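**Q** The structure that follows is given in the form of structure tokens.
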């Protein structure tokens, strides 16, 4: 018997073939990319190379893995790389591979629309009509292009590998050290930081919903404090987080997508139907100093950039789909993405344009459309509409918490499976998720001024959406020098990196100029 891969698995030659022939039996169906089965068993049963196969009891499940092909040397590297992650079948992102285009659309839509879109009209007050529309359009097309790059980079036809996590793809391309320096914090911030923000928004909106339902004065003599409302919201999110894997929350993401579309539509419809406020001006706001004006423009561009999110989840969503040479996963994934982003465009553009038309420079800088609705139309809009809007925001925040928390759940469980070489038991999985949920609650309560630093920290995360996918494409696909794809990705990648630097600089300037009200454990 001859070893196909050192220290991996041994495959017996077919009867009638010479012992010198290297043989790997082909699967009955098309070649599968490195996709673990739907069970929670490792991909390979590792058999030491020096063990006599005749004396080794191999379980029945240890058949030739379904991603082996008789292609010889091109696949050897894939087999060798497969040794590094047999735990994929144990982790929540890759545990189930039965996703489809519908699931992709649900997840992408839920993760792509968020409360940050409600401040888009604020950016228009600085940029004005022309540059506001141009900037929003460019940002939308730019991030949709980088999303397409990530979808195509998810799986490699050369190695047979599927890169199921953003950080995994970045580290495999540029090295572990570069991954830790440039990608680890932004990716973790976009997951954990978003969950903290969702607790703050969800808890505050829950309190507002309660006040609307109870007539503005509360239903009890002693209403709950802000911290207690945060705790109520966090508890609901933690209970829902017990769903085991990313595919299992497809229905949750569908609800989140519907509610996001719902509250965005209600807000711009109410604003437009109520008409423009008296004395509205559309002249761009100008600062007294040139430096302040420059940083105001940069802040507006940052609002545009932050409105688009979810790229750190694209590879994870695509990882839930089956894939083979005949039916690669990028086909249904891109179908789902196109549907999702068509709906996102229908939500964001009317929200930004309609909101700016209705409120002009009077749009509240803190809270955007959400604050404007209650400030200007709280009395002449029915309580039912106001309560429904608040309820939709709460439901969307709870559901978004699940998909943004999934990479963190996956990371925590991977540390256990790497050390113990077995799947995480259900009770420990629950403990991990409870710890994460209430850990985010602690941060939301302990550092309530985190939102004041969002521009500064968010600037670090901008390359994940606008720059890194371009550099990944250049490194992996190696387009012909000076070709259109070569120029396009270099230009967008460098612009995205420059945007990140100037946004960080603008964030530092704002913190220094306006100051930060530091109040630990005193959420407003």
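Cβ atoms are placed via backbone N, Cα and C, with glycine included.
Because TrEMBL annotations are produced automatically, they should be read as predictions rather than curated entries.
Keep in mind it's a predicted model, so treat the numbers as computed, not measured.
This is the feature table in TrEMBL:
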REGION    1-37  region 'Disordered'
COMPBIAS  28-37  compositional bias 'Polar residues'
DOMAIN    98-512  domain 'Amino acid transporter transmembrane'
TRANSMEM  101-123  transmembrane segment
TRANSMEM  129-151  transmembrane segment
TRANSMEM  181-201  transmembrane segment
TRANSMEM  227-243  transmembrane segment
TRANSMEM  250-270  transmembrane segment
TRANSMEM  290-308  transmembrane segment
TRANSMEM  339-359  transmembrane segment
TRANSMEM  384-405  transmembrane segment
TRANSMEM  426-447  transmembrane segment
TRANSMEM  453-474  transmembrane segment
TRANSMEM  486-512  transmembrane segment
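Burial and contacts for the listed features, if you can.
**A** If you look at the transmembrane segment (129-151), the same-chain residues 6 or more away from its ends with a CB under 8 A from one of its CBs are 120, 123, 166, 169, 282, 300-301, 304-305, 307-308, 311, 314-315, 318, 330, 333-334, 337, 341, 345, 348-349, 352-353, 356, 465-466, 469-470, 472-473, 489, 492.
Long-range contacts of the transmembrane segment (290-308) within the same chain, counting only residues at least 6 positions beyond its ends with a Cβ under 8 Å from a Cβ of the stretch, are 112, 116-117, 119-120, 122-124, 126-127, 132, 135-136, 139-140, 143, 348, 454-455, 458-459, 462, 465-466, 499, 502-503, 505-507, 509-510, 513.
Beyond the ends of the transmembrane segment (339-359), by six or more residues, the same chain brings 101, 104-105, 108-109, 112-113, 117-118, 120-121, 123-125, 129, 132-133, 136, 140, 144, 147, 257, 260-261, 264-265, 267-269, 271-272, 274-277, 280, 282, 307, 368-369, 372, 376 to within a C-beta distance below 8 angstroms of the stretch.
For the transmembrane segment (426-447), the list of distant contacts is 92, 192, 195-196, 199-200, 203, 227, 230-231, 234, 237-238, 241-242, 244, 401, 405, 408-409, 412-413, 416, 520-521, 523: same-chain residues at least six beyond its ends, Cβ to Cβ under 8 Å.
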**Q** If we call contact 3 or more Cβ pairs under 8 Å (sequence gap 6 or more), are the transmembrane segment (453-474) and the transmembrane segment (486-512) touching?
**A** yes
**Q** With contact taken as 3 or more Cβ pairs under 8 angstroms (pairs 6 or more apart in sequence), are the transmembrane segment (250-270) and the transmembrane segment (101-123) in contact?
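**A** Yes; at least 3 Cβ pairs under 8 Å.
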**Q** What same-chain residues lie close to the transmembrane segment (486-512): Cβ under 8 Å, and 6 or more beyond its ends?
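**A** Contacts with the transmembrane segment (486-512): 142, 145-146, 149, 291, 295, 298-299, 301-302, 305, 452-453, 455-460, 462-463, 465-468, 470-471, 473-474, 479-480.
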